[in-house]
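Only one structure is covered here, and it is reproduced in the block below.
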Ligand SMILES: Nc1nc2c(ncn2[C@@H]2O[C@H](COP(=O)(O)OP(=O)(O)OP(=O)(O)O)[C@@H](O)[C@H]2O)c(=O)[nH]1
Ligand SMILES: [Mg+2]
């Protein structure tokens, strides 16, 4: 089968969706709405939807026997090509269901991985997706190679997915090792790159997929990044200069969107991309306030952020798409929970000055814990630190002065730009930044 054949078969593929609600499920939305969006983004057409409430999944087929019969009936009646579960299935459950239904059976994670594999643009994103796909499917494909190759190719089988069918498990394992090593290299390089930009303020846009991050990026800068009504339109980080009113230029980054129950190995693989967010001076968490499940989405984003070591308080919440909110009460409900959130519309530009002011405020409040070493004859620098900084200690050793103080990033920037103040005088001058865990390196 050639590549173009495969793409066509996906576009014309019809899918029946299945969702099982378990007692610990706290999601408030319509059970299969999000999966429908994912499946359509992957290029298939939804021809049937079945839901069931259960106390626990059935070990053999996830849904109960009666439901399997009903599913078989729907699959036959609609001549569906694929059945897609909203829940993660075990390899045995997939096998049993495929034997009975005689069509391919996928789960939500595979659909997400499939979308990522068709959308990844950069080298890094491709590596990350291939690794996640291999890691996810390897344990489930053991002993299933023949079984799977009998089934029709399509959603979930593209990209590296189908390569696995041709290769053997050992090759796949070797590939995983290579991919991990390559990604580690990319990660290291990214860390250095990001660290190299330390003295410029960086702001990252994060948020649920389709919340409007790229649209906001375009509204604030001349980025011209792709923004569209599809899930996971953005997979690669883009950084642009944002002329922040009342502050000056900062670097603004757009990032990959998050989703509820984001496949775990995908989070790990995108670590390098998310590194941008982790190292940012400020995160703007963009939420789609017009979504009926806005609160679930906001919570899901905080969950992913915590996984990469970022606390809720470190992100500025922005409630986007206020132009399309039909019921003001729903916005009020969100605002009651997050009173400091800024409401905007990236589309109409409403609230953008308010957002700029909030970002500028947040950055100004940000003080750095610094240690300056310089020649004692540099009286201007000493005076500057005494005037604008909060001096914690001052020691003089011969003609070397060491001043430990807190200084806002804004004043550090101004200090650097001041032609009157020499911060590289006769004696080597260094500024060390103190993080929560002690000194984290030089910034000058
Ligand atoms: N009505 C309205 N629509 C918006 C607004 N902001 C974004 N959108 C629309 O929402 C859709 C998604 O926008 P994107 O900017 O691509 O969203 P994203 O967060 O970058 O999404 P991913 O990159 O897929 O994670 C697009 O169709 C936008 O036109 C807004 O303020 N109001
Ligand atoms: Mg985007």
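From the backbone N, Cα and C atoms, a Cβ is placed for every residue, glycine too.
TrEMBL does not curate its annotations; it predicts them automatically.
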134-161, 162-189, 190-217 - the range that TrEMBL marks as coiled coil: 162-189
Binding-site residues close to ligand 2 - of 207, 233, 236, 256, only those whose C-beta is under 6 Å away: 233
Local Cβ density at residue 236 (GTP binding site) - other Cβ atoms counted within 10 Å: 16
For residue 233 (GTP binding site), the three-state class that DSSP assigns: coil
Per DSSP, three-state class assigned to residue 213 (GTP binding site): helix
Three-class DSSP secondary structure - residue 256 (GTP binding site): coil
Spatial neighbours, same chain, of residue 321 (GTP binding site) - Cβ under 8 Å, 6+ residues apart: 211, 212, 288, 289, 290, 291, 345, 346, 347
